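Per TrEMBL, the feature domain 'Casparian strip membrane protein' maps to 12-147. The transmembrane segment annotation in TrEMBL covers 17-36, 57-78, 94-114, 140-162.
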Amino acid sequence: MEETHNPHPPILKLLDVSLRLFSVPLTIASICLTVTNRQDNPDYGTLEFHNLSGLKYMVCISAIAAAYALFAAAFSWLRCFAAKAWVFFVSDQIVAYLMVTSVAAVGEILYLAYYGDREVSWSEAYSTYGKFCVKMKMALVFQALGFGCFFVVAVVSAFRAFSIFDPPLPSQHLQHQSN
């Protein structure tokens, strides 16, 4: 495969940077809602985000995603980094996958909070910690929207990384050349 010079449309760069920057307040909102979430119950005690490892995981991933989004948005305008499409492609894929795992972790926590799991004697917690669950649901929505931004960014960076190469030749064309 030969490398060709294929300048990317400016709209792709604008979309890329815009989505990166748009994901920052979403992930920060998710962090703020999660870290400040707390509810007291006289019968069962206080529930805070650090009591659940899935929420701590989401906070860490959100912080990584927000920092990476700012870093990548800033460095995508520099020529020396903008030419490194593969670096952005790989790192965007990693962050997108981390975001989807954090969404899944919090989704599972919320599912158990709302419905419980009778097979393992885990009762629902919504009736006891309703305010906590509602704030977690809002944090999950922000995290899912942040993931949506990173998903589109990952698709755009994949296009940018792979579009610099010529498409493969059809197999019939290769057979005629070898004869």
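Please read every residue number as a count from 1 along the shown chain.
The backbone N, Cα and C atoms fix where each Cβ goes, glycine too.
The stretch with the most CB contacts under 8 Å to the transmembrane segment (140-162), chosen from 17-36, 57-78, 94-114, is 17-36. Away from its own ends, the transmembrane segment (57-78) comes close to residues 13, 16-17, 20-21, 23-24, 27-28, 30-31, 34-35, 49, 88, 91-92, 95, 98-99, 101-103, 105-106, 139, 143, 146, 150 of its chain (Cβ-Cβ under 8 Å, at least six residues beyond either end). Mapped onto DSSP helix, strand and coil, the domain 'Casparian strip membrane protein' (12-147) counts 106 helix, 10 strand, 20 coil.
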